[in-house]
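Enquirer: Pasting in a structure now, in structure tokens, and then I'll have a few things to ask.
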Amino acid sequence: MERLLIRGGNPLRGDIRISGAKNAALPVMAATLLADGPTTVGNIPHLHDVTTTMELLGRMGVELTVHEGMEVEVNTATIHSFRAPYELVKTMRASILVLGPLLARFGQAEVSLPGGCAIGSRPVNIHVDGLRAMGAEIEVRDGYIKGRADRLQGAHIRMDVSTVTGTENLMMAAALARGTTVLENAAREPEVINLADCINAMGGHVQGAGTSTITIEGVDTLRGVHHRVLPDRIETGTYLVAAAMTGGEVRLKDTAPELVESVLGKLRESGAEVSAGRDWVTLRMEGRPRAVDLETAPYPGFPTDMQAQFCALNAISTGEGTVTETVFENRFMHCLEMQRMGADIQIEGARARIRGVEKLTAAPVIATDLRASASLVLAGLVAEGETRVDRIYHIDRGYECIEEKLAQLGADIQRVPD
């Protein structure tokens, strides 16, 4: 076990490179199971969840080769198992993404019910119901989803909830199904589009990704390709908020500003000077930010994965801001930890009312999930004294070398053993 120690007070200044998006890398790695030939995935972030996914594929017998620059070549010719065991799936909800590809290409799958962040109800019934509609025989027992199918059939599926992993799983399954599948109320996130681009490069026929209706014409086989993962929009937003909170000036490279327009808008509203080009964005903040109101929503709305970071920004801003969470329940646990640092936050159901204070005071805090841990690091960057963030295995699931990148920008931060 490790922790982060942060001495606040240093404005962040300089340039850093943004990593590939975890939430794009994981479904694309699952999609490699669909291809007959080897697939190479580029711009893979070096993260715990990616390592877990590679271990999961390796347990199935898939051959993986890691090249320079975190390019991963995946060859499924040696696959001999179609089981995703509990000891791997329990740490990462995205493991369920292998369910659709395994059923579609190999006709069988046994996937443990998933784990991951403790941020409310994320039921798997949408995955199961959709695959059943495509003809799969599925039972859930002994903690596993067990499925069989001769060949999946195209179906018209309306998802009760717009879910990213549900959309991705069913889209991958439909890619090799017989006939046409229509997904209604589909997630519109950029990571869904990135996955559709990968499937189409393999020879698939996916249309409408990025809209609420996706149509997939199934094909008999898919081929291996070289696919590059898109930049991490949440990492981009996190470092921009960090710079705004510390009164700094940063330039982020190898990113995609068009994917974070809602975040950039709120940062400008807070008083930051923001500029962007094709693959870069800069931010400069003079003095304290102004508090902002925001409400999370599925893409292209304000991302729930940036909510905690803006709670931290509001905590040291001038004025009062209200943050409303509409995507997940139970996602204000970071606010309780920030209160221990002196933040003035009132939780009212799905709403956090935050009155900015002039300073936060360092304290030992505990990370409860991935984005909560990031917000506590941001709070530590501006707190007086030394902040200790425990349980940072959460942050390692979604941020590549966070202490190294922050230190590169001038933060006083170090990783130490417990």
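Using N, Cα and C of the backbone, Cβ positions are placed for all residues, glycine too.
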Enquirer: Could you look at VAL72, VAL74, VAL323, VAL327 and say which one Swiss-Prot places alongside ARG93, ASP305 in the UDP-N-acetyl-alpha-D-glucosamine site?
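Expert: For UDP-N-acetyl-alpha-D-glucosamine, Swiss-Prot names ARG93, ASP305; of VAL72, VAL74, VAL323, VAL327, the listed one is VAL327.
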Enquirer: Using a 10 Å cut-off on Cβ-Cβ distances across all protein chains shown, tell me which of the binding-site residues (LYS22, ARG93) has the largest neighbour count.
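Expert: Answer returned by the neighbour count: LYS22.
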Enquirer: Could you round the CA separation between VAL327 (UDP-N-acetyl-alpha-D-glucosamine binding site) and ASN23 (phosphoenolpyruvate binding site) to a whole angstrom and send it over?
Expert: 17
Enquirer: Using DSSP reduced to three states, classify ASP305 (UDP-N-acetyl-alpha-D-glucosamine binding site) as helix, strand or coil.
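Expert: Assignment for ASP305 (UDP-N-acetyl-alpha-D-glucosamine binding site) reads helix.
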Enquirer: I'm trying to understand the geometry here, so how far is the Cα atom of ASP305 (UDP-N-acetyl-alpha-D-glucosamine binding site) from the Cα atom of LYS22 (phosphoenolpyruvate binding site), in Å to the nearest whole number?
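Expert: That separation, Cα to Cα, works out to 12 Å.
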